[in-house]
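K.L.:
My questions will all concern the structure given below.
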């Protein structure tokens, strides 16, 4: 019975997320077909590149190497982005949440250090290194290894900056799938990293209210800073950064 209940819980979590992913894939394919219909210039491109363009549009990367050129295609791009961007962000947020949950489950931890436990930063760094190792295969060219340009492109893409000086291509369906998976995974890692850094910054900002043991009694860090400032004749304004 426990095994049945476990699988039921897993399905209850996985099935809704899979439906969202399937809906997102269908939405990207629909958008790609519409771009080809509405824009003759886009119709000349490989359809796999159009699919990649549609995905990077609603992923807010926007490399700029492919753009709609007709008024109807541009109007559709606006509507496509309005509905597609929230859908993509929701999917990435959910996948990031499940990644963190899966990490703690893999460690067989029945409890978490806090209600919204974050993945440790060293683990994120290791995952990034593994991701770059996969990227070295994805970007491999004969006589050329994985370079700093590839790391630069990856980080800029994962952070959804997309300067456009470097952009991916999808010459065939297999490379398209690999590239989309690479970008999605990287954006999930980057979102998780931002969440961890943000939590660290919030912790530092609240350091003034942390109690420490000093001079045989407990006091707040803010009070300790006042004492130190008075002893050193330093303005309290210089301690506000804490």
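From the backbone N, Cα and C atoms, a Cβ is placed for every residue, glycine too.
Caution: TrEMBL annotation is automatic and unverified by curators.
Keep in mind it's a predicted model, so treat the numbers as computed, not measured.
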K.L.:
State the residue range annotated as transmembrane segment by TrEMBL; the candidates are 176-201, 202-227.
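P.N.:
My reading of TrEMBL: the transmembrane segment range is 176-201.
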K.L.:
Could you tell me which of the ranges 101-120, 121-140 is annotated in TrEMBL as transmembrane segment?
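P.N.:
Within the set 101-120, 121-140, TrEMBL attaches transmembrane segment to 121-140.
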K.L.:
Tell me, please, if the transmembrane segment (50-66) and the transmembrane segment (176-201) are in contact, taking contact as 3+ Cβ pairs under 8 Å between residues separated by 6 or more positions?
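P.N.:
Yes; at least 3 Cβ pairs under 8 Å.
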K.L.:
State the residues, same chain only, that lie 6 or more residues beyond the ends of the transmembrane segment (176-201) and have a CB under 8 A from a CB inside it; answer 'none' if no residue qualifies.
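P.N.:
Here the qualifying positions are 48, 51-52, 55-56, 59, 61, 92-93, 95-96, 99-100, 118-119, 121, 124, 127-128, 131, 134-135, 138, 154-155, 157-160, 168, 170.
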K.L.:
Could you give the residue numbers and ranges of same-chain residues that sit at least 6 residues beyond the transmembrane segment (121-140) on either side and whose C-beta is under 8 angstroms from one of its C-beta atoms?
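P.N.:
Answer is 103, 146, 150-151, 154, 175, 178-179, 182, 185-186, 189, 192-193, 196.
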K.L.:
With DSSP as the yardstick, break the domain 'Potassium channel' (23-101) down into helix, strand and coil residue counts.
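P.N.:
Counts, helix then strand then coil: 63 helix, 0 strand, 16 coil.
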